[in-house]
Amino acid sequence: MKNLLKSAALAAALLGAVASAPVHAQDGAKKDFKITLVPGLTTDAFYITMNRGAQAAAKALGITVDFQGAEEFDPVLQTPVLDAVIARGPDAILIAPTDATQMIEPLRRANEAGIPVVTVDTFIDDGKYQDGSGDGDFPVSSISSDNVLGGRMAARAMAEDMGGKGKVYISNVRPGISTTDQREEGFKAEMTGKFPDIEVLDTQYNENDASLAASQFQAVLARNPDIAGVFGANLFSAIGAGNGVAGANKSEDVTVIAFDAPPSIVDNIKSGVVDAAIAQHPAEIGYYGVMTAYAVLTGQSVPTTIGTGFTVIDADNVDDEAIAKFIYSE
Amino acid sequence: MKSLLNAWSWLFLVLILGFFEIYARMETGQTFLFRIYNIQSISVAASQILLLSLGLTLVVVAGHIDLSIAFSTGLAAVVMALVIRIIGPESGWLVVILAMGAGLLSAVLVGLVNGWLVAQLNVPSFIGTLGTFGIARGVALIVAGGATVSIRSEEARSFGNGEILGIPVPVLLALVLAAACHFLLTYTKFGVHTYALGANRASVERAGVDVKKHLVMLFVISAITAGIGGLVYTGRFSAGAANAGEPILLYAVAAVFIGGASLTGGQGTVIGTVIGAFIIAVIQFGLVFSGLPPYWQFVAVGLVIIVAVLVDQSRDKLTGKLS
């Protein structure tokens with residue numbers, strides 16, 4: 001009871017001493033803007049490379065970009081980080097939302113605090129902002145790879161390698177992630193539309209667990225001995241599926257297409273675990289993310305979507321100088 | 001002895017608050033603690049952890065563990081969102097309340113299965129609830145069709161994001177439940193039996209208490225608080241996700257042990273768990289607010305868990321000496 005009283009007293013003291021809510025003073029003439037980049041997770045080569053691009057832009061503009069995120073790609077963990085970032089009162093927030101619907105509410109708080117939000121890589125709601133529709137219409141811009149296109153490119157690379165016929169499936173993380181959902185969508189659309197002799201089996205979800213992705217491949221193989229291709233919709237899905245393929249001694253018969261190109265992809269392509277990788281350009285996303293935020297802060301109008309490119313990396317070009325810059329850094 | 005331990009966790013909380021206040025003032029010239037926004041954000045994060053760890057505290061005091069809470073949370077979140085989606089949000093609060101009832105009911109089912117496994121079939125709670133962890137997760141994913149169930153209900157939104165007298169609804173809810181659990185554990189026969197169960201099951205049986213029934217009730221309570229965590233989740237994020245509780249399971253378990261509970265049972269308080277949850281939430285928020293590199297979060301979480309275990313060990317030594 002005594003403790004309860006103490007806690008009540010403390011709470012009262014805290015509330016009594018509270019000053020006003022954070023309102024960030026916006027100074028029109030100010031040039032040393034502070035922008036925070038909140039990645040999907042902090043330990044991924046993709047986001048680290050994005051941060052590199054963001055820092056390059058920050059240096060060019062003479063502003064500061066902070067990098068703050070959670071240890072896992074999850075809205076429950078990203079939200080407290082975002083709350084604390086908002087409390088710091090940056091001039092703008094660049095964020096890779098970890099869920100298209102669930103991050104709408106937490107990001108609304110940034111919007112209500114008057115902080116412009118730019119989504120990078122992933123997006124909220126339908127990814128189309130400032131068009132007057134949807135709950136998550138408030139971000140100023142979405143900068144990302146066109147993941148549907150990336151999925152289509154993966155399908156083309158796979159179909160070419162397979163000679164245009166056979167059974168394939170998609171190894172994906174889990175439903176609800178805008179980027180990986182779109183890759184799957186693009187992959188399926190391209191296969192159905194352009195390659196009618198390729199059959200796309202049910203998607204296998206691996207929760208970003210490579211070992212699960214590997215055993216899933218072996219299960220799919222057991223059921224479909226003639227399986228001829230796997231599209232790994234993200235790094236772990238691809239590496240896992242690729243290891244499953246190698247473990248089953250099927251590297252010759254099964255085409256593995258990966259999405260994303262961290263440094264390890266080079267080894268995986270050279271060793272044949274992965275046949276080709278669709279590399280995004282995360283540094284480009286970070287660079288244009290910062291540029292967009294800066295444009296908004298200095299009163300310029302900005303495009304509501306900016307699409308960045310892809311590069312297909314395979315055994316033939318993996319050693320090229322010109323290709324090397326698209327491999328993510330760590 | 002108990003008050004001394006609570007004093008330790010209080011002190012630890014005050015120390016980290018002081019550290020972040022000083023650090024924030026030096027680094028950014030802003031106050032850390034004396035801002036409504038910060039207190040609200042920290043409290044909401046702590047509440048989400050707390051809702052998983054409140055019932056768990058009772059289970060741990062009785063000498064058991066409940067790992068299934070992560071997915072009792074997810075199941076309740078998904079069921080609530082689905083009911084709202086199926087009936088349609090037009091019916092306002094009626095459908096939201098109905099949906100909450102359904103969500104809570106689904107969580108209670110998990111609790112009943114846990115209780116049945118542990119009490120009736122004598123399955124060790126660690127194994128049994130690990131099993132129901134998987135089952136509840138699977139069921140939640142099946143019910144949700146593998147996807148996040150998003151909803152558009154202004155009422156559900158205000159339940160998760162609203163404020164009453166400046167206190168966010170999830171915080172209010174967590175505090176009321178904490179008070180109820182505290183009362184139950186401290187001032188009732190049920191609480192006395194729970195402590196006794198953790199200390200010495202045989203003596204409780206000899207005293208004529210229906211241990212099986214008691215255990216089932218404990219697991220149901222644990223599932224209920226976790227389930228309410230799921231309802232809050234659906235409200236906060238306007239979506240039910242099967243893995244709603246998974247990433248904070250570790251924090252929820254840590255909060256209970258930081259709060260003074262012991263792996264061997266018979267110890268722990270609800271107030272301790274509340275402090276434990278706040279310690280974790282303050283560290284999470286404070287590290288980001290202070291602008292420290294994000295990788296410190298790993299170090300901090302690891303440290304907190306080690307501190308919890310050390311406190312647990314030193315307590316056992318102390319009690320050994322004192323008794």
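Going from the start of the chain as shown, residues are counted 1 onward.
Including glycine, each Cβ sits where the backbone N, Cα and C put it.
Features as listed in TrEMBL:
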type	residues	note
TRANSMEM	B:7-24	transmembrane segment
TRANSMEM	B:36-62	transmembrane segment
TRANSMEM	B:69-87	transmembrane segment
TRANSMEM	B:93-119	transmembrane segment
TRANSMEM	B:126-144	transmembrane segment
TRANSMEM	B:164-185	transmembrane segment
TRANSMEM	B:215-235	transmembrane segment
TRANSMEM	B:247-263	transmembrane segment
TRANSMEM	B:270-289	transmembrane segment
TRANSMEM	B:295-311	transmembrane segment
Taking a Cβ cut-off under 8 Å, which residues six or more beyond the ends of the transmembrane segment (B:295-311) line up next to it in the same chain?
5, 8-9, 12, 250-251, 254, 257-258, 260, 276, 279-280, 283-284, 287
Could you check whether the transmembrane segment (B:36-62) packs against the transmembrane segment (B:69-87) - three or more CB pairs closer than 8 Å, residues at least 6 apart in sequence?
yes
One stretch in B:69-87, B:126-144, B:215-235, B:247-263, B:270-289 has more Cβ pairs under 8 Å to the transmembrane segment (B:164-185) than the rest, namely B:215-235
Between the transmembrane segment (B:270-289) and the transmembrane segment (B:7-24), are there three or more CB pairs that fall under 8 A, provided the residues in each pair are separated by 6 or more in sequence?
yes
Best-contacting stretch, by C-beta pairs under 8 Å, relative to the transmembrane segment (B:215-235) and drawn from B:69-87, B:93-119, B:247-263
B:93-119
Under 8 Å Cβ-Cβ from the transmembrane segment (B:270-289), and at least six residues away from its ends along the same chain, one finds 5-6, 9-10, 12-13, 16-17, 19-20, 23-24, 32, 38, 41-43, 45-47, 49-50, 53-54, 56-57, 178, 181-182, 185-186, 251-252, 254-261, 296-297, 300-301, 304, 308
